[in-house]
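Quick look at what TrEMBL annotates:
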{"type": "COMPBIAS", "residues": "37-50", "note": "compositional bias 'Low complexity'"}
{"type": "DOMAIN", "residues": "355-410", "note": "domain 'Kazal-like'"}
{"type": "REGION", "residues": "37-57", "note": "region 'Disordered'"}
{"type": "TRANSMEM", "residues": "106-136", "note": "transmembrane segment"}
{"type": "TRANSMEM", "residues": "156-180", "note": "transmembrane segment"}
{"type": "TRANSMEM", "residues": "240-258", "note": "transmembrane segment"}
{"type": "TRANSMEM", "residues": "278-299", "note": "transmembrane segment"}
{"type": "TRANSMEM", "residues": "311-331", "note": "transmembrane segment"}
{"type": "TRANSMEM", "residues": "435-462", "note": "transmembrane segment"}
{"type": "TRANSMEM", "residues": "474-497", "note": "transmembrane segment"}
{"type": "TRANSMEM", "residues": "526-549", "note": "transmembrane segment"}
Amino acid sequence: MGVGTMLIAMPQFFMEKYRYEKYEKYSPSSNITPNISPCHLESSSPSPSSVMGKSQNKINDGCEGDASSSMWVYVFLGNLLRGLGETPIQPLGITYLDDFASEDNAAFYIGCVQTVAIIGPIFGFLLGSLCAKLYVDIGFVNLDHITITPKDPQWVGAWWLGYLIAGLLSLLAAVPFWCLPKTLPRSQGREDPGSSSEKSKFIIDDPVSYQMAPGEEMKIMEMARNFLPSLKTLLRNPVFILYLCASTVQFNSLFGMVTYKPKYIEQQYGQSSSKANFFIGLINIPAVALGIFSGGIVMKKFRLGVFEATKLYLGSSVVGYLLFLSLFALGCENPGVAGLTVSYQGTKPVSYHERALFSDCNSRCKCSESKWEPMCGDNGITYVSACLAGCQSSSQSGKNIIFSNCTCVGLAAPTSGNWSGIMGRCQKDNGCPQMFLYFLVISVITSYTLSLGGIPGYILLLRCIQPQLKSFALGIYTLAVRVLAGIPAPVYFGVLIDTSCLKWGFKKCGSRGSCRLYDSHAFRHIYLGLTTLLGTVSIFLSMAVLFVLKRKYVSKHSSFITTRDGAVASSSFRKETCVSRVHAPQPKYWPGKETRL
């Protein structure tokens, strides 16, 4: 994990320095006088042939550079190594805990591990917030010559720095693992097969002894022979299959929501990317950690069985997504951008067919529609560029660039004599900061409620499969969540969200780049609607889990317990399992077998 994480940061050391186009023509560091006209008048414009020749050469050079770029290989290999390193954590780590923890403490210990795992994203978001404030080439260029700020849409933060820090911490964290014993000794009082934390109390036809012979370990060939029979047994378990489907759909919802939550906060509430990461890391993620820890406490305090755990898992999902519905009402209006969301007169919103970046006020200027160099006019309207605002002159004060004599600004504010503007987008107002506060409060409560069912869901997964298939089932579960939710969810979420884009950026070669401006209303309905839809499907699948569990297992276990030996049936508290009788041959098994590879 450590090596893979550091490998992802390598493109920064092999790529060219980041170049932005925005303010170079207005910067005093260039050879052009700083007091130039953003509005390139036709009379003073160079010949079209010379402009086309120079621009075509630049485009060809840029395209050749893009085509020869293979930096994605470092990111691919880094994630591949990280995936290999993360694989043993969930299947073997959770199984190890469940094997050797006491019966009363298993859910509590699993809750502690999952809670500690959430602390990582907390520091990750906070570290990402800090790195987003630092320029991408910090340490490589003179920052005094940088004319843009973190509020600028083309600002790129030091994305690579967080990977280096996280990779170094992972390498340091790996050192104590070399000091762990190969096996954990079990107390004599817990070696009785009747009290084994692994052995299902409801399997009748499996009189195998689970004592481990000295030096006996799991063999690779034995695992290979048992793979297909084990997979066949898992696929025949209706509770496992339904829970796997419910979790996969729910994680599709959660992965898509979390991936685009910073972008949603930026576009909907006008916050910077640094602030978005800061709020998520400082407020949202701790709520998730507290919810997971609370789930473990509830399981331990009330000694909930598998059926009660399923009810808690379903209840937290229902309440969480009902709270999530209230976020539809907490949206902000579209920012006023001339030609895209409002007319150049600033009097009314414009429809899709009425959108036009050119108007009478900038008809004499030779402006580019593809540029995104937002300027905030004194009238409170944002213009795509100073040229499209019809500005005749510019001046610089520190890193702030001020434009004057902007004809389009005067068109929307004819009574005002100050027709000027400043580089950057206008901030959202009209109660948007208050809406953002409400959004944070409800988001925190929703995150806590949804995560409350995490540990009960794990207990359901562990108790509804044969003990010898526990690690295998957890591996299948982790694989399904990563492949069927972690990979596709950000893709189709992004594709649908991009349908709400109002203004696209463009790359050097002329191909479409990232979206510069979204329709706030469409973005909100797509983002929240898709998340809610997937969550609703997950709830119905969870209800099916509860129904099958009650119908096929609880009644069988109740009748079986009445025929059990009195000493076993009167046990105060034992780990429940809901495994139905199967006739597939089961390999010899003992607690801790799978973790002694």
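Quick reminder: no glycine exception, Cβ is built from N, Cα and C everywhere.
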Treating G and I as helix alongside H, and B as strand alongside E, what does DSSP give for the domain 'Kazal-like' (355-410) in helix, strand and coil?
7 helix, 16 strand, 33 coil
Close approaches to the transmembrane segment (526-549) from elsewhere in its chain (Cβ under 8 angstroms; 6 or more beyond its ends):
238-239, 242-243, 245-247, 249-250, 252-253, 256-257, 260, 264, 306-307, 310-311, 313-314, 317-318, 320-321, 324-325, 327-328, 460, 464, 493, 496-497, 499-500, 578
For the transmembrane segment (474-497), which recorded stretch in the set 156-180, 240-258, 278-299, 435-462 gives the largest number of Cβ pairs separated by under 8 Å?
240-258
If you count Cβ pairs under 8 Å, which stretch among 106-136, 156-180, 240-258, 278-299, 311-331 touches the transmembrane segment (435-462) the most?
278-299
Outside the transmembrane segment (106-136), six or more residues from its ends: residues with CB under 8 Å to it:
12, 18, 93-94, 97-98, 143, 146, 150, 155-162, 165-166, 197, 272-275, 277-278, 280-282, 285-286, 288-290, 292-293, 295-297, 299-300, 304, 454-456, 458-459, 575
Please compute the mean pLDDT of the model over the domain 'Kazal-like' (355-410).
85
Would you mind listing the long-range same-chain contacts of the transmembrane segment (156-180), meaning Cβ under 8 Å and 6+ residues beyond its ends?
1-9, 11-12, 18, 124, 127-128, 131-136, 138, 150, 273-274
